[in-house]
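A.B. asks: If you look up TrEMBL, you'll see 30-49, 61-84, 112-135, 142-172, 184-203, 215-244 marked as transmembrane segment.
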Amino acid sequence: MGLFAGYSSGYLYKIVKGTDWKKISLKTAFMFPSVLFAIFFVLNALIWGEKSSGAVPFGTMFALVLLWFGISLPLVFLGSFLGFKTPALEDPVKTNKIPRPIPLQPWYIHPLFAMLFGGILPYGAVFVELFFILTSVWLNQFYYIFGFLFLVFVILLVTCAEITIVLCYFQLCSEDYRWWWRSYLNSGASALYLYLYAIFYFCTKLEITKLVSGILYFGYMSIIAYAFFILTGTIGFCACFWFVRKIYSSVKID
């Protein structure tokens with residue numbers, strides 16, 4: 001997957017007129033895996049301290065690091081190089097070199113409100129399924145409705161795309177052109193609701209009394225929430241990127 005991640009980041013970096021593709025390659029290779037590895041290493045150290053048989057051996061940890069730096073990192077650089085060398089999409093319209101002043105925005109365009117509103121709908125799409133997944137993971141229950149899980153994933157894709165496009169449209173109508181990170185955060189905010197539900201699930205469904213067990217739970221749920229943030233944010237950004245190109249390609253310039 002490092003090859004595809006590097007290619008997509010390098011290609012997108014070229015579209016936005018970036019020049020230092022090596023810098024973006026390093027960020028692609030380390031930003032997501034390093035956070036996961038750091039959390040996993042701390043949690044595994046706690047398990048070591050408890051002398052549990054579930055701890056991952058040091059040799060396996062070293063093998064994971066070796067795979068990361070020896071295989072994943074070169075593949076990310078290769079993919080980023082290929083993506084940066086690919087001819088970029090042409091902008092449908094010319095961009096002003098001088099940024100236009102942004103007028104005073106209405107209250108419903110405020111970034112905080114847009115994030116809270118944009119995140120709750122994607123979370124609502126997976127709320128029911130999330131309960132069964134957490135139950136199967138933490139209460140040792142069987143999970144076998146993978147067909148329904150795929151359907152929920154499709155609903156999540158559609159919901160993230162639609163809500164971010166709507167919010168992006170209102171933002172552009174208010175003459176605020178700073179949609180790039182807003183589109184990512186609007187749908188990615190659903191990870192906040194996921195983590196809040198994880199806290200609620202911990203307090204109501206689990207009977208965990210040991211400190212280490214609680215840290216393990218919130219550590220692994222932090223990994224899941226972070227991955228969910230990356231997923232939903234990417235869906236929202238890609239949808240808005242397609243939407244903005246479509247509407248501006250329809251603009252007639254005399």
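Placement of Cβ uses the backbone N, Cα and C atoms for every residue, glycine included.
These numbers come from a predicted model, not from an experiment.
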A.B. asks: Could you check whether the transmembrane segment (215-244) and the transmembrane segment (30-49) come into contact, where contact means at least 3 Cβ pairs under 8 Å with the two residues of each pair 6 or more apart in sequence?
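C.D. replies: Contact between the transmembrane segment (30-49) and the transmembrane segment (215-244): present, because at least 3 Cβ pairs are under 8 Å.
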A.B. asks: Go through the chain and flag residues at least 6 beyond the ends of the transmembrane segment (61-84) whose CB is under 8 A from any CB in it; none is fine as an answer.
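C.D. replies: The answer is 2-14, 21-22, 24-25, 28-29, 33, 37, 41, 44.
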